[in-house]
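Colleague: Here you go, one structure.
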Amino acid sequence: MIYQAKTLQVKQLANGIAELSFCAPASVNKLDLHTLESLDKALDALAADSSVKGLLLSSDKEAFIVGADITEFLGLFAKPEAELDEWLQFANRIFNKLEDLPFPTLSALKGHTLGGGCECVLATDFRIGDATTSIGLPETKLGIMPGFGGTVRLPRLIGADSAMEIITQGKACRAEEALKVGLLDAIVDSDKLIDSAITTLTQAIEEKLDWQKRRQQKTSALTLSKLEAMMSFTMAKGMVAQVAGKHYPAPMTSVVTIEEAARLPRDAALDIERKHFIKLAKSTEAQALVGIFLNDQYIKGLAKQSAKAASQDTQHAAVLGAGIMGGGIAYQSALKGVPVLMKDIAPHSLELGMTEAAKLLNKQLERGKIDGFKMAGILASITPSLHYAGIDQADVIVEAVVENPKVKAAVLSEVEGLVDAETILTSNTSTIPINLLAKSLKRPQNFCGMHFFNPVHRMPLVEIIRGEHTSEDTINRVVAYAAKMGKSPIVVNDCPGFFVNRVLFPYFAGFSLLMRDGANFTEIDKVMERQFGWPMGPAYLLDVVGIDTAHHAQAVMAEGFPTRMAKSGREAIDALYEAKKFGQKNGSGFYQYTVDKKGKPKKAFSDDVLAILAPVCGAPQNFDPQTLIERTMIPMINEVVLCLEEGIIASAQEADMALVYGLGFPPFRGGVFRYLDTIGIANYVAMAEKYADLGALYQVPQLLKNMAQQGTSFYSAQQASAL
């Protein structure tokens, strides 16, 4: 053994070849600080051993290295710039040391080789993989960019255009694509990976392969003429500006970094990369996007705990009520390997449900995600039925009938009598209290809410609603089933609107008040989309939700929270509802809708709507963008904080993920609690108090006032644990 540490070891093989194997005690290898320090010492030991003629990098895991340890990021990013620079220089010295070893080096890859793992193997002379190999640099998805030499070595290895595509998109290349662009030198069978690696390395040692020429290419300036460089970088900037936009600076910064470093040798180019990395690491966007990643891991961890604690796994499911929503739920269950009975009283609804499932599977087939055989198998695992025969086989039943409490209660009561005492019943409802529906059941402990979002196949969030009688085992089993479906389940306690709809309607109320005071709805939409970053402004979102649906839900919320959410009079939603302008579903709401050539709705503004809205709108008035943002967002933010204060949702992490996954809250802002931390809670309290005269929705929750006085934040613990 040449060197041994907790996460890696170096041993001598035959013919002067040494093998450096990453072998962390955890389930995956990560390039955390400890592993980097061990790698540094291992490389020193290798350089000092005159018997070593070649080095093979390998992994004892199914994945080579999944990347840096992201849990360390927020702590590192919070350090002074000089300390952050030292960390990057330390990592750069290690990879330079690997690249400068006086003998050829080769990485044998399998599974994921991502982020810092990819940057590590870019420092070796050769890379071969098997069919499972996936290699790439996903850092821009976290609001940062490669910082261990990725923007320097990748363009010099595969060319600037291919490198910029991979880096700006945060892309991982599968084996075939990696081979095509030059990231991999060969793909071999998994059982021959190490033998092939040794053969290739031996050829390099014997100088049958020119490893020194390859190394020189990676450590020299890019070979681009001035004209080629101008065309390449101008085109890349144009494409990135179009796709990433101003709220996500990391992709554009990556292009600028590669451009600035193009004519420089390795070490000077690394200085450029380091400078830009630090700038991004200190950005609020990076804090938010890294925070989302960590929060997502937290949600997944909770789901795993639930699966472990659950009394049984879900092997079979049933959906009551077909149509688009029922078909979407059935599709998602079957796609992830849980056969499902789809029951409805109407043949045309069953047909619609099966058509929806088939349509979604066809899209998977077209994209090459599944083959025809698998598609047939998935469709066969959805059993459409007009009867309850076979319902007793279901471990979990999802009721998804019409949003009517009497109908839902009757269906749930009926099906409860047909299944055994262990079967879990759930209701897919967006507005009906779970405690109300539970009254119709003999076993309310086996019942909870399971609120899917439309379209089911795209929206990651499922709200799991705990009623006052719901058992912990019921929650665990349903959370585990939702996770098995590939969803992000978040548990909330029962209240009107649960969590997502409860916090959405104060946002709509803020929007309605602005219109009452003379704001133009198109201007509000423009500001909330382009400046705040929502995928849709409030008027457009109401059209998509459905004005009729929103009108009904608004009444439910007003009844549930009369102090804050009762209407003071007719509003824009009422005016459109009375005019039967229901939004996208019937072609007219705030906007007019037509269908484009691809069958997708296309919106346009029409003056006709102004006459309908005139009685509920004040005299036209201009508001500056910041006022529009503050007046729409403060009611939502206050309601989110109240939900945490009241225990409707358990943590800031879960609330922020529900907002991002359920409502499309701008990811670069990280959710309401991350947003509050970013702008400063004391600053928010002062800002919100300016609008106190607008009513109860604008009153700052006591929790925020206390935190402002104490100078605390919601994510201080997450940052401290990373230090």
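The backbone N, Cα and C atoms fix where each Cβ goes, and this holds for glycine too.
The shown structure was predicted, so the numbers you read here are calculated from the model rather than taken from an experiment.
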Colleague: Given that Swiss-Prot lists MET325, ASP344, VAL401, VAL402, GLU403, LYS408, SER430 as binding NAD(+), which residue among ASN295, ASN362, ASN454 does it place in the same site?
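Modeller: Matched candidate out of ASN295, ASN362, ASN454, per Swiss-Prot for NAD(+) with MET325, ASP344, VAL401, VAL402, GLU403, LYS408, SER430: ASN454.
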Colleague: Among ASP271, ASP296, ASP313, ASP371, which residue does Swiss-Prot name as a further substrate binder in the site formed by ASN501, TYR661?
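Modeller: Among ASP271, ASP296, ASP313, ASP371, only ASP296 appears alongside ASN501, TYR661 as substrate-binding in Swiss-Prot.
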Colleague: Go through SER430, ASN454, ASN501, the listed binding-site residues, and name the one with the sparsest Cβ surroundings, counting other Cβ atoms within 10 Å.
Modeller: ASN454
Colleague: Given the substrate binding site residues ASP296, ASN501, TYR661 in the record, what is the largest Cα to Cα distance, rounded to whole Å?
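Modeller: Across ASP296, ASN501, TYR661, the two farthest Cα atoms sit 21 Å apart.
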Colleague: Report the mean pLDDT of the predicted model across the region '3-hydroxyacyl-CoA dehydrogenase' (311-723), rounded to a whole number.
Modeller: 95
Colleague: Have a look at the recorded positions GLU119, GLU139, ASP296, HIS451, ASN501 and say which one has the shortest Cα distance to GLU403 (NAD(+) binding site).
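Modeller: Out of the listed candidates, the nearest Cα belongs to HIS451.
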Colleague: Output, ordered by sequence, the same-chain residues six or more apart from ASP344 (NAD(+) binding site) with a CB under 8 Å from its CB, or 'none'.
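Modeller: For ASP344 (NAD(+) binding site), the qualifying residues are LEU320, GLY321, ALA322, GLY323, GLY326, LEU350, GLY353, PRO384, LEU386.
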